[in-house]
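Written below as structure tokens is the structure these notes are about.
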Amino acid sequence: MALEPDQASVDSITLFVALLCSCIVIGHLLEKNRWFNESITALAIGLCTGIIILFTTEGRRSHILVFNEELFFIYLLPPIIFNAGFQVKKKQFFRNFVMIILFGAVGTLISFVIISIGSMKLFKKLDVGFLDFGDYLALGAIFSATDSVCTLQVLNQDETPLLYSLVFGEGVVNDATSIVLFNAIQKFDLSHITSSIFMELMGNFVYLFTTSTLLGVVVGLISAYIIKKLYFGRHSTDREVALMILMAYLSYMMAELFNLSSILTVFFCGIVMSHYTWHNVTESSRITTKHAFATLSFISEIFIFLYVGMDALDIEKWKVVSKSLGISAGVSSILLGLVLIGRAASVFPLSFISNLSKRSQSGKVTFKQQVIIWWAGLMRGSVSMALAYNQFTRSGHTQLRGNAIMITSTITVVLFSTVVFGLMTKPLMRLLLPRKHLSSAMSSESFLPKPMNLPLIANGQTADSEMGGDDIPRPASLRMLLTTPAHTVHYYWRKFDDSVMRPVFGGRGFAPCTPGSPTEPLLH
């Protein structure tokens with residue numbers, strides 16, 4: 001006998017899907033608005049829906065679905081991070097890789113220290129409730145996580161490629177670093193920090209970063225080799241599309257299985273699959289996979305922000321802190337201030353250090369660009385929410401006063417930073433980088449003519465940017481010839497890639513000629 005589905009669950013899911021549809025429609029209508037983006041629209045709709053549910057249920061509840069960490073980390077986050085790696089302009093990302101690691105890893109550690117120590121010193125004056133040393137360290141990890149989802153919707157990869165690659169690349173490494181720090185805090189006994197524990201913590205971080213990256217690269221290469229050798233497109237494009245999607249998800253789950261950083265794994269898997277695997281499938285599969293990954297990422301982003309908006313009015317948490325609203329406001333203000341200070345203490349000094357190593361003026365990050373990077377990275381979002389729920393709730397419920405204050409303060413900081421900082425980012429960019437000056441922030445590859453006969457093969461990039469043929473500026477004078485390196489790391493990587501990697505794993509120019517794919521002959 002078939003079991004009848006829970007009617008309440010069906011009603012909740014139906015309403016939530018309807019809200020997702022409304023977010024897409026309203027977001028489309030507000031697309032040209034200089035202030036709003038999809039994340040803010042979803043938050044606003046979530047808040048309005050929460051208020052309506054709060055009144056209709058007579059104050060018993062405000063959200064439709066109960067927050068579940070598994071839902072977030074296992075189902076919603078993977079498509080967002082993978083699509084980011086799949087669509088990112090690889091040349092810009094790896095050209096600024098050292099700076100991205102500097103901001104994402106070292107900068108996160110600086111912010112972590114400032115927020116942890118600051119909250120430890122200031123919260124004791126507010127009588128927050130019982131918080132042990134591990135809770136303060138967890139707060140440092142929670143609020144060091146910038147929200148790359150927000151940043152992706154604020155910055156444009158084509159208008160400001162340098163800023164986009166820095167802020168987004170840092171966001172991915174930052175999220176991974178924050179989660180690794182958070183897990184390390186729960187794993188190690190940090191009540192008495194010694195030099196040996198500190199070195200073990202740093203060694204664990206380096207190990208996780210390296211192995212997670214390698215796992216993503218290996219899974220991506222395996223997918224490219226299988227699709228190239230077995231040539232699924234001869235019989236069924238559905239199979240190669242399904243294999244790409246499943247292999248991408250497999251990389252994330254394998255990282256979770258081996259207790260690695262799944263964010264880094266799936267991100268680098270996306271980069272490798274866009275470089276090799278994507279060129280080994282048929283033209284119709286390229287179109288399908290590109291739009292499928294983007295669509296899944298888009299729906300996941302809207303889902304997260306819609307839920308955060310509704311959960312902000314959860315009556316259970318606010319009842320516990322109703323007698324301590326002043327303390328909750330004070331905690332939120334302190335955390336927001338520490339986020340501002342921690343971000344500034346990481347961006348500006350590290351930018352100064354990075355600029356010292358740059359010989360050419362064009363490779364340096366200007367002060368105006370630093371301000372934009374600092375501002376865009378102030379937003380906190382779904383990762384901070386998920387980590388806060390992990391630390392301060394039990395099965396999604398909060399009863400202890402101190403924990404309830406931490407949850408409500410996290411919600412307040414996430415809402416304020418996403419809405420206020422998110423609303424101000426576009427006008428700030430136009431103020432600091434007017435359109436007539438955007439060319440200075442854009443790489444020369446943006447002005448290269450794009451071949452019209454390869455719109456899909458380029459995967460959003462020009463053929464030259466992919467092949468790296470114009471990566472080294474051509475010297476126009478003897479002085480430029482003496483100061484311009486004849487060979488760079490990218491040059492040697494391209495030679496190795498063309499002679500070793502692409503013949504084995506495929507890619508542009510090395511993929512088999514696919515029947516029914518008129519663009520393939522152009523590659524040979």
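Each Cβ is built from the backbone N, Cα and C atoms, and glycine gets one as well.
Taken from TrEMBL, the feature transmembrane segment applies to 12-30 (among others). Long-range neighbours of the transmembrane segment (12-30) within the same chain, counting only residues 6 or more positions beyond its ends whose Cβ lies under 8 Å from a Cβ of the stretch, are 36-38, 41-42, 45-46, 49, 64-65, 299, 302-303, 306.
Summarising the annotation, TrEMBL assigns domain 'Cation/H+ exchanger transmembrane' to 20-430.
Same-chain residues lying 6+ beyond the ends of the transmembrane segment (39-57) with a Cβ under 8 Å from its Cβ atoms: 19, 22-23, 26-27, 30, 63-64, 149-150, 153, 301-302, 305-313, 315, 381, 415, 418-419, 422-423. The transmembrane segment feature in TrEMBL is assigned to 39-57 (among others).
According to TrEMBL, the transmembrane segment annotation covers 63-85 (among others).
Long-range neighbours of the transmembrane segment (97-117) within the same chain, counting only residues 6 or more positions beyond its ends whose Cβ lies under 8 Å from a Cβ of the stretch, are 136-137, 139-141, 143-145, 165-166, 169-174, 176-178, 181, 205, 209, 335, 338-339, 341-343, 345-347, 350, 353-354, 365, 373. Taken from TrEMBL, the feature transmembrane segment applies to 97-117 (among others).
Within the chain carrying the transmembrane segment (205-227), a Cβ under 8 angstroms from the stretch's Cβ atoms is held by residues 105, 176-177, 180-181, 184, 240, 243-244, 247-248, 250-251, 254-255, 258, 260-273, 276-277, 280-281, 504-507, all 6 or more beyond its ends. The annotation transmembrane segment is assigned in TrEMBL to 205-227 (among others).
Residues or ranges marked as transmembrane segment by TrEMBL: 261-279 (among others). Long-range contacts of the transmembrane segment (261-279) within the same chain, counting only residues at least 6 positions beyond its ends with a Cβ under 8 Å from a Cβ of the stretch, are 73, 77-78, 81-88, 90, 93, 172-173, 175-176, 179-180, 208-209, 212-213, 215-217, 219-221, 223-224, 227, 244, 247-248, 251-255, 286, 289-290, 293, 457, 459, 501-502, 505-508, 510-511, 523.
Long-range contacts of the transmembrane segment (291-310) within the same chain: residues 16, 19-20, 23-24, 27, 38-39, 42-47, 49-50, 53, 62-65, 67, 72, 75-77, 79-80, 82-84, 86-87, 149, 153, 241, 245, 248, 270, 381-382, 385, 411, 414-415, 418, each at least 6 residues beyond the stretch ends and with a Cβ under 8 Å from a Cβ of the stretch. What TrEMBL records for 291-310 (among others) is transmembrane segment.
The annotation transmembrane segment is assigned in TrEMBL to 330-350 (among others). Same-chain residues lying 6 or more positions outside the transmembrane segment (330-350) and placing a CB less than 8 Å from one of its CB atoms are 102-103, 106-108, 110-112, 114-115, 118-119, 122-123, 126, 128, 139, 143-144, 146, 370, 373-374, 377-378, 380, 405-406, 408-410, 412-413, 416-417.
Among the features that TrEMBL reports, transmembrane segment is placed at 371-392 (among others).
Taken from TrEMBL, the feature transmembrane segment covers 404-425 (among others).
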